[in-house]
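Annotated features in TrEMBL:
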ACT_SITE  B:H538  active site, proton acceptor
BINDING   B:K128, B:G194, B:T223, B:G224, B:S225, B:D402, B:M408, B:L409, B:A410, B:H411  FAD binding site
DISULFID  B:C119-B:C124  disulfide bond
DOMAIN    B:82-417  domain 'FAD/NAD(P)-binding'
DOMAIN    B:436-547  domain 'Pyridine nucleotide-disulphide oxidoreductase dimerisation'
Amino acid sequence: MASPLLSNTTISFSSSLSSSPLPRLFPSVSFSSIRFKSNPRRVLTVRSKIREIFMPALSSTMTEGKIVSWVKSEGDVLSKGESVVVVESDKADMDVETFYDGILAAIVVGEGETAPVGAAIGILAETEDEIAEAKAKAASKSGASTPYAPPPAPAAASTPAPPKSTPANAAPTVTEGPRKTVATPFAKKLAKQHKVDIESVVGTGPYGRITPEDIEAASGISPPKTNVGPTVVVEAKPAAPTKATVSSFAPSSLPPPVPGSTVVPFTTMQAAVSKNMVESLSVPAFRVGYPVTTDALDALYEKVKPKGVTMTALLAKAAAMALVQHPVVNSSCKDGKSFTYNSNINIAVAVAINGGLITPVLQDADKLDLYLLSQKWKELVEKARAKQLQPQEYNSGTFTLSNLGMFGVDRFDAILPPGQGAIMAVGASKPTVVADADGFFSVKNKMLVNVTADHRIIYGADLAAFLQTFSKIVENPESLTL
Amino acid sequence: MHSTSALSFSQATSVPTTNYAFHSHCPLNLRFCGLTTQAFGFSFSTHSASTRLRLSTRAPGHSNKISASPGHNGTPPTSFDYDLIIIGAGVGGHGAALHAVEKGLKTAIIEGDVVGGTCVNRGCVPSKALLAVSGRMRELQSEHHMKALGLQVSAAGYDRQAVADHANNLASKIRSNLTNSMKALGVDILTGFGTIVGPQKVKYGKVGFTDTMVTAKDIIIATGSVPFVPKGIEVDGKTVITSDHALKLEFVPDWIAIVGSGYIGLEFSDVYTALGSEVTFIEALDQLMPGFDPEISKLAQRVLVNPRKIDYHTGVFATKITPARDGKPVIIELTDAKTKEHKDTLEVDAALIATGRAPFTNGLGLENISVVTQRGFVPVDERMRVIDANGNLVPHLYCIGDANGKMMLAHAASAQGISVVEQVTGKDHVLNHLSIPAACFTHPEISMVGLTEPQAREKAEKEGFEVSVAKTSFKANTKALAENESEGLAKLIYRPENGEILGVHIFGLHAADLIHEASNAITLGTRIQDIKFAVHAHPTLSEVLDELFKSAKVKAPASTSSSPVSDPVSA
């Protein structure tokens, strides 16, 4: 919502190379790099002068997006840089801007609906003449539904209007001549929502205007009980347990709901988590644990804490430094056939947020010093809370850190996020009695670290060696402050 | 607008001029008596007004310079009925009167209509009563919202007359409060229309009665404004109405067109849609809510317009509006704002004209002191001193509030009135209008103070400084989430090099109450690096601003020494 407005366009190479000035200015190689530099958000395709507005990919994990709202209505004239639609991705609400001037000829995917990434959600026409063509296209996009009614917004409504009455100062003729269609604001909204051709509806309201009820009748839906029927009360009556949940989902093999239970659909973020978790089942993961002595790290933490350094930053830095020596643990397996070695060490750190889970990324964690890292982390967390994280700030991780130590959890294992080779689960550091080689007992703070990795690319010995390095860094943490 | 010579003169002598200017045509003399008489004025200020008046008028006698001339040449009065006369008992006049009494001035206020002016009788006050109703209706009708809180409510309905009565009762109550507060303090309330007849002279009276002449050392014009109705629009008070009529809520139309999408239009759209009307906005500019920070208006449109039963036409003028009659609905002719061509014709049940307000300055007798209004507004300088046709300051005459058009808000009028009283009692004062907050009481509310982002960037460009913007969301605020009202944004526009606050804009739950932390900071010149250390109770909505200030990146160090803020996310 509050995120800076990002826009970009992928102009399909076929027709635009010759017509668009951009490719001429930049050789085709750099053309694609430009595209990525300015965030590959918004995807429009040039085909003659009618462009499709695609569901943009706002993050690497996003496969579908929900239209929060259309900022513009059909028929609105858009100018370059204006936001057109608000899309809820799995991480944030984003304004999506247009990169072209034109007219929003048709909305293919309405508010509240979802569409897969890359699907056309709207049609942009360059001039009014192309609106009809664009609409035809929209109709084909949205299946067999009837073509859209002339846009209710004034900008385009003027196009079909002129023949009906001559304007100028002939006001009376407008009302007495052939009747123009008059529909109330809500009727227009409903017509758009239910894809009803408003011109075909006979108005029954005052002065023959089309009312919301007329649209509801035309679309065959029963008028919703707006504040007349106390539907909520019926539903909550304990005497009628089977009615307790509105079953709008497939009942098939699901066990019957426990009486009194409520069903809360996933938010987009939660849906993304669910999808990623299920996807992780296709990766052959294994886990290696390692106890790490943290007395030295704790002492260092006490020293640097007043300077704003957090334990998260310390651990991320230690992991990053260990990853420098074990690049395979920082690699990933994209296709099941090869290693993808990542040139940067980007540590994603899992954060629970508003009933969701997000992984802000500390980019180049091996290169930044501890203080910069801490500061960066603080900014990322604030942004995450405000839902203002940019995609590259949560989807560029090459290794994930998950810490539940602050809750007193002594050990746990984490599920590998898609696209990454390994994830480290950190437990609490606790005083532990240790016997040394000579049989002397002492008490040391020990922390159990458990790494989950993709065994297609990372083997047991790799992880063991990585953990050993990590442990050495933590036990001699002076290097972290360098 | 004002000549430089007039200004430089006024700066040199501003204190005495505003204080004891017995003969305005001869300002140089005044320098001599200023201090001595001022001492009298203050020392007796706690005594009864009549005693004080006598003493202060006698005061010039103590000054050698003055005693020779003023008593005898006779042009302006040498003794006055009042120290201060205020024409217009709206919120501006009331604020000025109260402060004048506190400063020991014998004060009168002239009102031709009811005490309280637009704000109390036909503006802010009754509209808040309607908005209180609309807010609750909206909440009760939102099944989703209620369900999320675990509440069950059966049909929510309303009784139109009872709602209208609530608004009317509130206005009467506030009106009597205002009247009583002035009476109790000894402000004379003179009934009738006030007209300026000459320097320091005012007459007032009701139509059909003889006028009474009164004199005062200083006069404040505070006559306010009336709804502005563009030509071509026929207001019948029934189906084509202004805010004056709408606040009486005589009927709730099924479909109402609101001409203008500023504060007034927006608030009424909130009221009407909550009461079941459908609304069509007609806005002359290219986007709705043109006066707000663009980001805020975009969000406001997303929350306050798009999901509601509202549509809109932008970039068009309503060039002709005919009230419903002869079995025809209200007919609105729309003309393209740029091409001036006929664009569309709307047929609706009612039209509310909310195109702004025009100053109410006719019949004030400004011609008697050769003041020419500009589009009805009384020209003033930054100290609210009235400027005449030649660009000279008119001595002892001030104009505050909507009548001068500087900032058409009730509390701005009051602040200007207080500023004037400060000046006439010997303390120079210039009001910083950039510190005056404004609010729009929709659900949720919108509030702002200072510059919008484009204004700030323009200023920065001109003056060569850097501008940064910080934003926080209500989505992260505990209290907002508890209320299930987490839609909102707070935006801070500031100078990163010194931490100066240039503007704050809030859209969200209780935004109107939240803005004052920012406006106070601007008034007092508090910098972000210092206000950061102010503690906010948890959990409150004010933490939105707390976070906002903390998220700003200011290069200058804090002037107060405080312990470093502990890191909120140490793992």
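Quick reminder: no glycine exception, Cβ is built from N, Cα and C everywhere.
Overlay of TrEMBL annotations on the structure.
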residue : record                       : DSSP (3 states)
B:C119  : disulfide bond               : helix
B:C124  : disulfide bond               : helix
B:T223  : FAD binding site             : coil
B:M408  : FAD binding site             : coil
B:H538  : active site, proton acceptor : coil
Query = Which of the recorded positions B:C119, B:C124, B:H538 has its Cα nearest to the Cα of B:T223 (FAD binding site)?
reply = B:C119
Inquiry  = Max CA to CA distance in Å over the FAD-binding set B:K128, B:G194, B:T223, B:G224, B:S225, B:D402, B:M408, B:L409, B:A410, B:H411?
reply    = 30
Note = One residue among the recorded positions B:K128, B:H538 has the fewest other C-beta atoms within 10 A of its C-beta, namely B:H538
Key: Nearest of the recorded positions (B:C119, B:C124, B:H538) to B:S225 (FAD binding site), judged by Cα-Cα distance   = B:C119
Ask   = Which residue, of the binding-site residues B:T223, B:S225, has its CB surrounded by the fewest other CB atoms within 10 A?
value = B:S225
Query = Which one of these recorded positions, B:C119, B:M408, has the sparsest Cβ neighbourhood, judged by other Cβ atoms within 10 angstroms?
reply = B:M408
Task = Using all protein chains in view, find how many other C-beta atoms are within 10 Å of the C-beta of B:A410 (FAD binding site).
result = 22
Inquiry  = Please give me the CB contact count at 10 A for B:C124 (disulfide bond), counting all chains in the structure.
reply    = 19
Request  = Would you mind sorting out which of B:M408, B:A410, B:H538 (the recorded positions) have a C-alpha within 10 A of the one on B:C124 (disulfide bond)?
outcome  = B:A410
Inquiry  = Averaged over the domain 'Pyridine nucleotide-disulphide oxidoreductase dimerisation' (B:436-547), what pLDDT does the predicted model reach?
reply    = 95
Remark   = Nearest to B:C119 (disulfide bond) by C-alpha distance, among the recorded positions B:M408, B:A410, B:H538, is B:A410
Inquiry  = Quick check on the domain 'Pyridine nucleotide-disulphide oxidoreductase dimerisation' (B:436-547): DSSP residue counts for helix, strand, coil, in that order please.
reply    = 41 helix, 31 strand, 40 coil
Query = What is the separation, in Å, between the Cα atoms of the residue listed as 'active site, proton acceptor' and B:K128 (FAD binding site)?
reply = 28
